[in-house]
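Chemist: So TrEMBL lists these for the protein:
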type: DOMAIN; residues: 42-294; note: domain 'G-protein coupled receptors family 1 profile'
type: TRANSMEM; residues: 30-50; note: transmembrane segment
type: TRANSMEM; residues: 62-86; note: transmembrane segment
type: TRANSMEM; residues: 106-122; note: transmembrane segment
type: TRANSMEM; residues: 143-164; note: transmembrane segment
type: TRANSMEM; residues: 191-214; note: transmembrane segment
type: TRANSMEM; residues: 235-261; note: transmembrane segment
type: TRANSMEM; residues: 273-296; note: transmembrane segment
Amino acid sequence: MSDQQQQKQQTLFDIYGAEGLPIELVTLNVLRTIISIIGILFNSSLVFVTAKTKALNSPCHLLIAFDCLVSAWYQLASFVSITVLFGPGHQFIPIRPCCLQILPPFQFGFIASISAMYLISLDRLMSILFPFWYSLREIKKRYYLLPMLISTLICPALITYAQYQVVSTVPESTQVICVSHECSWGWAADLIYVIFVSFYVLTLANYIIIWIVLKWHSWKSINQNLASPYEWTRRILKTLSIILFLNLIGLSMNSIIRLTIPHLNFNVTQRALAIHGLSCLTNFVMSTNAPILFTFNQEYKTAFMSAFKIKSANKTAKITTVNSINNIKLMQTNNNLNLKLTPIN
């Protein structure tokens, strides 16, 4: 038992501080950096396309672009650990400069990405539950963009405070590779996990409600021989559901590792390999927004092809403007008796 307790107290620095980290761990960090570079390019391209395409200016479009922006910012953190690993001297740095000065700005991006995903689902939910209220420009700016900014400050502040509390309990001489999971353990790690799970559960609940409401409106439109007023929401929701599905896979893997590792008697190296491998999956999921939107959503595909001047873009249909950004118009049917709403986007 004493040997096991001593092993549990050991860190990567205690084992590899003199001889260097194992090649498997270095390879995983290199792989994560490569994935991050690809993700930065993909996410930045979507932000560029959104900024350049006037039709992509609804709150939903802007929130998606914001999600990609903060995801790209977080992925830059991979260069911190890779710089430490291949920097002069040894492959470690003191924990306090890493966790309290270097990483917090980048972790803001990760937490903001999770909250943005929830706000996207909330935006879609409000658009179909309260279409007339949602159509007002000032209402949207006040109750969508402002909470977006506030939520990206509150959660990072809480998590940074939690990390400061736990990091301050260890000696300043403690050495780390400088990756985000090294800054959270104990109650701080539990707090982060609860925050992430809460956002995912709320997001999933919003999408379930949206699908139910869309089904009801679709059934109602068919019975009244009317075109569905939520076709745009239906199209974008299918794409967003794929993105959410990938995020839920990442959360599931995180939960599995979190629950199983303490019971598997992994040594320090095996535990580090499992966690660093999970970080590769996290960065991969954060890199998929742009490819998924390009592949499964014609609006974004047309915008990408037009923004990057791809030749075949001229053969595609023009991007349909988001009608509800301007107003909700009432259109009479041929018999002037039935009224229907234009799509809520």
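Cβ coordinates come from backbone N, Cα and C, glycine included.
Note that TrEMBL annotation is computational and uncurated.
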Chemist: Summarise the model confidence on the domain 'G-protein coupled receptors family 1 profile' (42-294) as a single mean pLDDT, whole number.
Modeler: 84
Chemist: Would you kindly list the residues that approach the transmembrane segment (191-214) from elsewhere in its chain, counting only those six or more residues past its ends and only Cβ-Cβ distances under 8 Å?
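Modeler: Same-chain contacts beyond the ends: 111, 114-115, 117-118, 121-122, 124-125, 128-129, 155, 158-159, 162, 184, 230, 233-234, 237, 240-241, 244, 247-248, 251, 254-255, 258.
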Chemist: What stretch in 30-50, 62-86, 143-164 has the biggest tally of Cβ pairs under 8 Å against the transmembrane segment (106-122)?
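Modeler: Stretch with the highest Cβ contact count: 62-86.
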